[in-house]
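Feature list (source: TrEMBL):
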| type | residues | note |
| --- | --- | --- |
| REPEAT | 7-90 | repeat 'Solcar' |
| REPEAT | 103-196 | repeat 'Solcar' |
| REPEAT | 206-292 | repeat 'Solcar' |
Amino acid sequence: CRSCDNLQPLLTSTACLGGTACVVTGQPFDTAKVKMQTFPNMYKGLVDCFVKTYKQVGFRGFYKGTSPALVANIAENSVLFMCYGFCQQIVRRIVGVDRKTKLSDLQNAAAGSFASAFATLVLCPTELVKCRLQAMHEMQLSGKIIQGHNTVWSVVKGVIQKDGPLGFYRGLSSTLLREVPGYFFFFGGYELSRTFFASGRSKDELGPIPLLLSGGFGGSCLWIAVYPVDCVKSRIQVLSMAGKQAGFMGTFVTVVRTEGVLALYSGLTPTMIRAFVANGALFLAYEYSRKLLMKQIDSY
């Protein structure tokens with residue numbers, strides 16, 4: 001409805017606040033994910049990655065790339081939730097229903113998938129900086145680079161000097177291949193889970209536990225579906241520091257031939273832990289804020 005469309009900027013702000021909390025709590029798991037994706041032979045598993053990171057660079061090593069991660073999360077959620085409502089209206093027009101008609105779970109999944117394409121444009125540059133900071137220590141240990149950049153500004157400066165502004169979009173095709181199908185499963189899984197918990201009732205009546213579980217289920221669906229694509233994206237964005245790096249298909253084939261298919265799933269465990277908790281909290285904040293704002297509008 002038109003009231004919901006007007007609420008979208010406010011809901012976006014709330015989603016960003018929830019996302020910020022998720023980044024702060026989930027950053028160590030994300031850092032482990034990137035390290036294990038790009039250098040799977042260095043770590044035997046999640047615990048080994050945590051122990052070695054702490055011994056080599058200390059506790060701060062888990063929070064490398066937090067600043068760009070925050071920017072990436074805020075930027076992605078801002079665009080994603082802003083465009084989600086807009087894309088829902090596009091889906092309504094495509095299927096030929098009234099703008100007040102509630103969409104099916106499949107139609108909401110399609111709207112989320114469309115919205116993610118816009119989010120990719122702001123997400124790719126910040127993720128590139130984040131991933132490079134997170135794997136900088138491993139790049140030096142492996143001898144791929146002699147001296148690493150330890151700050152956000154030094155990484156940004158290095159990208160501009162070496163590749164120019166377009167250098168921030170290395171891995172764009174991989175990011176797009178991850179986001180578009182990924183968010184179909186993300187919103188689809190979330191809506192299907194809410195439908196299951198609602199059991200014929202209105203989804204708006206669901207309490208915090210079903211919303212948390214539904215958000216976590218949606219996040220899990222996303223990562224299970226597209227994790228190999230994300231692994232390739234991380235390698236492209238990190239390893240391109242050392243020189244020319246193959247594109248998506250070239251990197252994908254190289255990993256499968258030299259390391260095997262399972263290498264594409266390195267770091268899946270910390271990703272799933274983070275995804276369930278973070279996305280559960282994100283959707284819980286989003287839904288409750290939406291309800292609160294709708295009540296305030298209805299009271300006028």
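Quick reminder: no glycine exception, Cβ is built from N, Cα and C everywhere.
Residue counts for the repeat 'Solcar' (7-90) by DSSP state, with H, G and I taken as helix and E and B as strand, are 77 helix, 0 strand, 7 coil. Helix, strand and coil content of the repeat 'Solcar' (103-196), in residues and according to DSSP, is 78 helix, 0 strand, 16 coil. Note: the repeat 'Solcar' (206-292) comprises 77 helix, 0 strand, 10 coil (DSSP; helix = H, G, I, strand = E, B). As a whole-number mean, the pLDDT of the repeat 'Solcar' (206-292) in this prediction is 90.
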